[in-house]
Structures are given as structure tokens and as C-alpha cells.
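Chemist: TrEMBL lists 266-370 with the feature domain 'HTH araC/xylS-type'. What TrEMBL lists as transmembrane segment is 6-27, 34-56, 68-86, 98-117, 137-155, 175-196, 208-227.
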Amino acid sequence: MGSNFFNFLLIAGAVQGFIFNGVTLLSRKKVDKVIIFLNLTVFFLSLNNLQAWLIAEEYRFDMFFLRQFLVPWYLFIMPMFYMFLIHYLKIQDKVKDYLKIAIVLFLVELIARIVLIASVPENDTSAIRIYTSTEEIINATFSIFLFCKCFQIIFKRSKLLDFIADYDNIKWLKIFLILGGFVLIFWVLAIILNNYFNDDRAYYPLRLATSILLYWIGYQGFFRYTIVHDRILLRGKLAELKSGNTQKVVVQTETNLVEKHQQEFENIANYIIAEQRFLDTKLSLEQLSDELEISAGHLSKLINTYSEYNFSDYINSLRVSQAKVFLKDDDFDNYTIVAIGLECGFNSRSTFYTAFKKFTDQTPSEYRKLS
């Protein structure tokens, strides 16, 4: 019963992986290297699971050669993830590329297995079992080496993260690597147990944990990269737009009050808009007052009086105004709503939706559909 359950998970995971590949590749007009390497990570995991399922279900070939010809698809899982990581972080020109080493190792192992199968007497599989075990130890060592490289990039070499830090806090990658460390421990234990007891069931926990973790990283990676990709393009558009579209907010909130203070507020508003300070997710009243060299209390009073909002609502009104520009522009139809919200200064999807609803009585999705 237990083996049937794990076998079902293997084939279900393989099918899910192939579906993921099809959907993510066909849903984009242009497929970037990040998406290619992410898909290859999931693809090789799916191939490995499919092969493991065929073996577990005892699908047999009549030819001795085909029965013993096991392809080490799992060798490519970690190299492809490593390639995804360095391209996602935009550091591929700053770190070493190990993909060629993986390809050479894969080809050498295939040739070695072919030669071995062809040279041993039929039905004598002892030498092949020893080779398979040795092959796995080599591949596990290489995978652990690449995992350590990934871990070092994320946790040790902070300077490499300067670019991506503006678009993603990469917390999800840190979680993946920590959990991935436990999966590698499962792998080492499975190799040891299988060598001592010759029981493939030692791999069940490993295959389950690996499948869950890598399919999760597949969906996370695709979702996160889509947002980061959109944010990079949106930031370029924001630099071009400057203050043209957001000026309307200031005009709409002006009132006939004391001319001196009104002019002071207009100068503040023009600074916030011209410098696009409202796009800064960490902008605070104290920070802005330091930049303008006026007291936080006076700044707060001016904003409360002349914008008819408190500081937080005033800044959010500018962010919503800019988001509305993107949402109703057909040129931005392919950009995700979350990416638009984040690039307009909100620090999460929930705060964006809450603020947008507050100022428009609509959700961003509803606004986009009706525009």
C-alpha cells in the first residue's frame, strides 16, 4: 500500500511537471533564459520521477541493454537550478558557469554505462549495480557542491544581490535553500541505507521531499520572475513619465488658503512628484522632512491642511494615481497587477488593494476591466 502511494506521487508529480513546462513556455511570447532554466529544472526532475516510476512499476524491456540503461536525469536538476539562480539575480557574468561540466559529466556517465552493459555477461548485474552506486555518489557530490555555491551566493556574497534587492527580498530563495539542505541530507542517508540494505524504499522520503520542494520552487520562481521582470520594465517607464500624470492629484487637492503656506505645500508636492519620492516603499514623514530640511510637525500640518489627507494617505493617493495610469493603458495589459502595485510604491499586494479600494471604491482588477 505504501509503495503504491509513493509510486502514484511519482507519476502524478511527473505529469504535473510536464504540464508546468507546457503552460509556462506557451504563455509567454518571449521566453527568457531565467524561465528556460527554471523549466529545465522541473523538466529533469519530472524525467527522473517518470523513470523511477517505470522501474517501480516493473515495466520491463525484453533486451538486457534497455533494462539496465538508466539515464541519470537527476544530475541536471541542481545545475539547472544554479543557472536559474544566477540569471534571476542577474549575476551570470560575475560567477562561474558549471553547466558545461554537468553536460560533460552526463555524457561520460552515459558512455561508461553503455560500455559496461555491453561488456558484462547477460544476467550478471553485480558490476552494473556497483557502477550505479558509484555514479550516484559522484552526482550527489557534484550536486552538493553546487548547492553550497548557491547557498554562498544567497547568504554570504551580499554584494551580488545589489541589483535584485531593488525588486525582490529573495526570502523565498532563502527558505528554499534551507529546506534544500535537509533534502540533500535525505539523499545522503538514502545512498547509505540503499548500499547497506539494498532497499529502494530508502529513496521514498527523498523523492517525495524533492518533488514537493522543486515543484514549489518552479511555481514560485515563475511567479516571482514575472513580477521582477515587469517591475524592471515599469521602472524604466516611470523614469520616462516623470511627473506628467501625477500632477493632476496636486491640482485636485489645492484649496484657497493662505498663499504663502499654499506655495510651500506646492513646492513640497512638486518635489515629491518630480523626484518620484512617493514610489519609495520606505518613505516616511521623518525621512521626507530631513530631505526638505523642515520639521516633521510643520510638514505634517501642511500636508494635512492643503491635501486634505494625512501623510500616509497623501502618499498613497499619489501611488494610486500612478497605478491607475498603468492599469488603464493598453500598453501595460501584459503586466501583472501585483508588479504595478509594487513598482508604484506599495510594499505588498494586500496594501495595494486596500489603498486602491479606499481611493477608487474598486479593486485594481475591477478598475482594469472597466477602463
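Numbers here mean position along the shown chain, with the first residue as 1.
Note that Cβ sites are derived from N, Cα and C of the backbone, with glycine treated the same way.
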Chemist: Kindly report the helix/strand/coil residue split of the domain 'HTH araC/xylS-type' (266-370) according to DSSP, in that order.
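Modeler: Counting residues by DSSP class gives 77 helix, 0 strand, 28 coil.
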Chemist: Short question: most Cβ pairs under 8 Å with the transmembrane segment (6-27), which of 68-86, 137-155, 175-196, 208-227?
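Modeler: It is 208-227, which has the most Cβ pairs under 8 Å.
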Chemist: I'm a bit unsure how to read this: which one of 68-86, 98-117, 208-227 has the highest number of Cβ pairs shorter than 8 Å with the transmembrane segment (137-155)?
Modeler: 68-86
Chemist: Which bits of the chain, at least 6 residues beyond where the transmembrane segment (98-117) starts or stops, bring a Cβ under 8 A of a Cβ in it?
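Modeler: Apart from its flanks, the transmembrane segment (98-117) reaches 64-65, 68-72, 75-76, 79, 82-83, 127-128, 131, 135, 138-139, 142, 146, 149.
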